[in-house]
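TrEMBL annotations:
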| type | residues | note |
| --- | --- | --- |
| SIGNAL | 1-28 | signal peptide |
| REGION | 33-75 | region 'Disordered' |
| COMPBIAS | 49-68 | compositional bias 'Low complexity' |
| DOMAIN | 83-258 | domain 'VWFA' |
| DOMAIN | 264-305 | domain 'EGF-like' |
| DOMAIN | 306-347 | domain 'EGF-like' |
| DOMAIN | 390-431 | domain 'EGF-like' |
């Protein structure tokens, strides 16, 4: 049967105000209690849809489809395929007019969905003290037939066997034989149970088994509904699966909230796709990115890079060809070279003249366009090939010796004194030998012991002095020989 033609679009102002018109009255709101919300999206683990933003870019509403029979914003919102079962309480506490409101609520949700064998399939379970399957998932394949079937549902009787109703849906509706899609189809299984009372059977264990089998349960409570029972029936997180309204008079307005949950947004239309060039819609809220001509899609599947013109070997760069984002290219040179005015060829770079060589002493240019460092005489090049260390500190004149500096090898030396002088304790300065004079002034010259002591000390000092003179003469010869042969 052909689908009914969509109604004319509402004026822009009414579209903006429509979501506000759908909100329940601002009376005391039990939904504000901890653990309850009007509606939300399921977290990790799968969900029949995702919550859209309140408005599309530019202030236009994401979807204005909550009026019965009204088409949703074309190209923006498309519901994901679901196997959806409504489980509705029709016990005696639900008055005929109130039951009609429940049916309107179900019809409005159907209006927001894409109905069809490959899209969303809908079934209804009617329950009170008994349970009745009004129609299966495969019974109706278009909106008009579904809504007519919902309109023909009549209340049952007393009692509120919510657990039995959930068990019936699990055993007799969410099966492949009854029209549900199998696990390989990855189609979410969702049940919405609507009740105004307290279950007269055990629902917690039945609900747990249903959820373990992969069924996502939403619980809608009205008026006298027991909150703890709603929480026992609903899936986690409870704040996204448990809802409450004060009266049946406002329940139908919750349909817009379920539309948000079951709606898949088109990122290409909303501008949230992050494609650098072109966004292509694939349906069901999915999309992929493509690039403009002359560009190729990068590994992130979002950004684009210009085609590799350098790889075509028509660039004419002497050294290196570099692709630019604009789809063109430019030439660069190897290290030690500079690009010539023709922007293609390269010349060796005089890094020594530029002062960028880093050499501590001397920079020497090489033919290859590179350079190397050398050191002044008396220095050696360190392992970093840039800095220098002194080889003969005596030759530098910075040794600090008052008389004579004697090299002991690489970067090592000691100080010595001229004849007639002795090295002081600082190992650098020298003092004249005046021990004889000090002894004459301090010893008793008339005493025999003093005389002997004086003679012994003089002999000892003379012997030590001769030894030092011999050593100094030998070192002077060595230094003189080294100076001649440098």
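The first residue you see is number 1, and the count goes up from there.
Here the Cβ of each residue, glycine as well, is placed from N, Cα and C on the backbone.
Caution: TrEMBL annotation is automatic and unverified by curators.
Keep in mind that what you see is a predicted model, and the values were worked out from it rather than measured.
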### Query
DSSP helix, strand and coil counts for the domain 'EGF-like' (306-347)?
3 helix, 14 strand, 25 coil
### Message
Looking only at the domain 'EGF-like' (264-305), how are its residues distributed among DSSP helix, strand and coil?
### Response
4 helix, 18 strand, 20 coil
## Note on the structure
Grouping DSSP H, G, I as helix and E, B as strand, the residues of the domain 'EGF-like' (390-431) number 4 helix, 17 strand, 21 coil
